[in-house]
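Reading through the structure tokens given below for one structure.
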Amino acid sequence: MTSLDTSTGLSTATRPEYLAGFGNQHVTEAVPGALPEGRNSPQRAPLGLYAEQISGTAFTAPRHDNRRTWVYRIRPSAKHGRYRRVDAGALLASPIGNPFPEPNRLRWDPFELPAASRTFVESLFTIGGTGDVRSHEGVAIHMYLATRSMDREYFVNSDGEMLMVPQQGRLRVATELGLLDAGPGEIVVVPRGIRFKVELPDGAARGYILENYGRLFTLPELGPIGANGLANHRDFLSPVAAFEDRDEDVVLYQKYLGNLWAADYDHSPLDVVGWHGNYAPYKYDLADFMAIGTISFDHPDPSIFTVLTSPSGRPGTANADFVIFPPRWLVGEDTFRPPWFHRNVMSEFMGLVRGVYDAKAEGFVPGGASLHTCFTSHGPDRETYDVASTIELKPRKIDDTLAFMFETRLPIIVSEQAMTAPNLQDSYDEVWNGIERHFGR
Ligand SMILES: O=C(O)Cc1cc(O)ccc1O
Ligand SMILES: [Fe+2]
């Protein structure tokens, strides 16, 4: 059971416990007997709790897509006052208001943590996005740069599920359905409509967020790879039930169609004592990803590194992919091993959790980011090309590195605030300067 340590402001279940399996039908009680047996909605729910269903897909979605969870809570979540609109700060939604979206290649130095006190929600800074939050297509890309734990503030996103990629500092994500701890090297996904707050065990935290307005993230098809590999089902962890029994005035912030609204509650909205279902937050340790690459020649397309995908409805063409470049062995013979020069109809936003990325010798650093929107020419910088095209090819382990890519079929539009941010590099194009002509020489 969770309570709140008033001295630290942290939820104090000593250590979160988890239930394994992507999209599984989980069953969990923080207090024995909290779940009714044999039915979802008895005349009176056990222990004086209220039953409530949270539907993450249409009631009638096909069985293999259908997501819903039944929660048994101290009070129904309906018990709150009227929402009032509040300032959303640097948190924006698609379509991003930029009359002249650029085809330029863009790169940012690390986004710095503010000196001021900012909760996770207050710190959200939107770099860009695509599609339209109102029609549930596309994504938004944000940084969080938090310096204060949320305490009496809770958050719910009606617009999209949030895939968080911690880069610095751990997060404790206290949700309606239980607690998740995650640090750099792990990800957390909080589905649309699930209430939560973010606490900072290390006092501050920085990371990236892919907000997915489209179809829920799922595991990619494996095709000829077979029944196993890449991200395996059993490594996705959802929390066991844990609740706050807190009769105090608190505020719930709700992001709704890009704006931020606030409603008062006289109790914690994280008051679910037991739940069952398959619509739940989850975490995943990226070290569990089984990476596949060539054992003969040629660098495969990076789709082999897809952890999660949000299908668009167009065959094989994602609304959003989350792709990682983890530590791995490079053994390709007579092969240019780093990412090749390329242009891509899909748009590519990249971040770095740790180490160095194998396509860029310099300038792409942890906490920073790059964007290659659709059909922009990119690939190895000059230094990387010179080394990788001439080096003697022995098996080599790329270690201590973790880059990732948010990829989408729609062109990514950068916000004005990210285009004018002081950490936007003004000389990124120069990394390809000095690439020499060899033909005919
Ligand atoms: O641009 C990038 O660095 C990402 C990327 C990596 C790769 O190995 C192949 C294609 C690609 O877009
Ligand atoms: Fe690329």
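The backbone N, Cα and C atoms fix where each Cβ goes, glycine too.
The domain 'Homogentisate 1,2-dioxygenase N-terminal' annotation in TrEMBL covers 17-286. The feature domain 'Homogentisate 1,2-dioxygenase C-terminal' is assigned by TrEMBL to 288-439. Here TrEMBL flags H299 as active site, proton acceptor. As annotated by TrEMBL, Fe cation binding site applies to H342, E348, H378. TrEMBL lists Y357, H378 with the feature homogentisate binding site.
On the structure: features taken from TrEMBL.
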| residue | record | DSSP class |
| --- | --- | --- |
| H299 | active site, proton acceptor | coil |
| H342 | Fe cation binding site | strand |
| E348 | Fe cation binding site | strand |
| Y357 | homogentisate binding site | coil |
| H378 | Fe cation binding site | strand |
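Taking each of the recorded positions H299, H342, H378 in turn and counting other Cβ atoms within 10 Å of its Cβ gives the largest count for H378. Ranking the binding-site residues H342, E348, Y357, H378 by the distance of their Cα atoms from the Cα of the residue listed as 'active site, proton acceptor' places H342 first. Other than the site residues H342, E348, H378, same-chain residues with C-beta atoms no more than 8 angstroms from the centre of those residues' C-beta atoms, the Fe cation site, are P339, R343, N344, H372, T376, S377, G379. Checked against ligand 2, the recorded positions H299, E348, Y357 give E348 in sequence order as having a Cβ less than 6 Å away from one of its atoms. In sequence order, F325, M350, F364, T401, A403 are the residues of the chain that are 6 or more apart from Y357 (homogentisate binding site) and have a CB within less than 8 Å of its CB.
For E348 (Fe cation binding site), the same-chain residues lying six or more positions away in sequence with a CB closer than 8 A to its CB are L371, H372, T373, H378, M405, F406, E407. Mean pLDDT across the domain 'Homogentisate 1,2-dioxygenase C-terminal' (288-439) comes to 97 in this model.
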